[in-house]
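**Student:** Below you will find the structure I want to go over with you.
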Amino acid sequence: MSQPATHSDAEPATRLVLEQLSCERDDRLLFSGLSFTASAGEIWQITGANGAGKTTLLRILVGLHGFYEGERQWWQPQWQQQLLYLGHEPGVREELNPLENLRYACALSQQGGDPMAALAAVGLQGFEEVPAAHLSAGQKRRIALARLWLDRKAVWVLDEPYTAIDQDGVAALDQQIQQAAEAGTLVIYTSHHQVGDGVRRLHLAHGQAEVTEGGRV
């Protein structure tokens, strides 16, 4: 398996700046006045009850939701080329097998690496050619997560990545996220599961956003 690329020390440390971000949905305020700065090598955990706006916030960050007020600024004009976004749904094509799904996703995002090794890393060795329609929800989630074992992007935005994976999968994902951050990747994810110590936490509740655990507002 090829080694994931690391990021040059010459690149700016700041990856993302949000200033006074606000969003409503169905005439209900999700969050207001959200401001924070996220930098290379940081892990940000976004928490909140169902409906608090976690997924909406991630979709704003990656450019899939345009109905908001405030400023969202990434570190470079071509930021989308250096972004890996995994949504709440696995995004797997049922008619394709895991290997075909992974190759298809990599072609769309211009992501390199060894798909066979990535599938083995997430416990899908031996299932590479089984149609996704015949796999469990957890196995489909692992197909999506396998992209985290390919050539590394500068930013990972992950919506509930721990859904439908077993204890071994959780441990492997924890390790991969921590290693990515150590190599300079900014990781932003939604989950009630905390990856480890030093994680910056953003909690959404009652239209407000609170940054804790060392997050800079």
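Even glycines carry a Cβ here, placed using N, Cα and C.
What Swiss-Prot shows for this protein is this:
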- GLY48, ALA49, ASN50, GLY51, ALA52, GLY53, LYS54, THR55: ATP binding site (BINDING)
- 16-214: domain 'ABC transporter' (DOMAIN)
**Student:** Which number gives the other C-beta atoms within 10 angstroms of the C-beta of ALA49 (ATP binding site), all protein chains shown included?
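**Tutor:** So the Cβ neighbour count for ALA49 (ATP binding site) comes to 11.
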**Student:** Can you give me the average pLDDT across the domain 'ABC transporter' (16-214), rounded to a whole number?
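**Tutor:** The average pLDDT of the model in the domain 'ABC transporter' (16-214) works out to 95.
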**Student:** Work through the binding-site residues one by one (GLY48, GLY51, GLY53) and point out the residue whose CB has the fewest other CB atoms within 10 angstroms.
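**Tutor:** So among GLY48, GLY51, GLY53, the binding-site residues given, the one with the fewest Cβ atoms within 10 Å is GLY51.
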**Student:** Can you tell which of the binding-site residues (ASN50, ALA52, THR55) has the fewest other C-beta atoms within 10 angstroms of its C-beta?
**Tutor:** ASN50
**Student:** Which chain-mates of LYS54 (ATP binding site) that are at least 6 residues away have a CB under 8 A from its CB, listed by sequence?
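**Tutor:** Those within reach of LYS54 (ATP binding site), by Cβ under 8 Å and sequence separation of 6 or more, are ILE46, THR47, GLY48, ASP159, THR190, LEU204.
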**Student:** Please report the three-state DSSP label of GLY48 (ATP binding site).
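**Tutor:** DSSP assigns GLY48 (ATP binding site) to strand.
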**Student:** In the same chain, which residues outside the set GLY48, ALA49, ASN50, GLY51, ALA52, GLY53, LYS54, THR55 have their CB within 8 A of the centroid of the CB atoms that define the ATP site?
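**Tutor:** Checked against the 8 Å cutoff, the neighbours are LEU30, THR56, LEU204.
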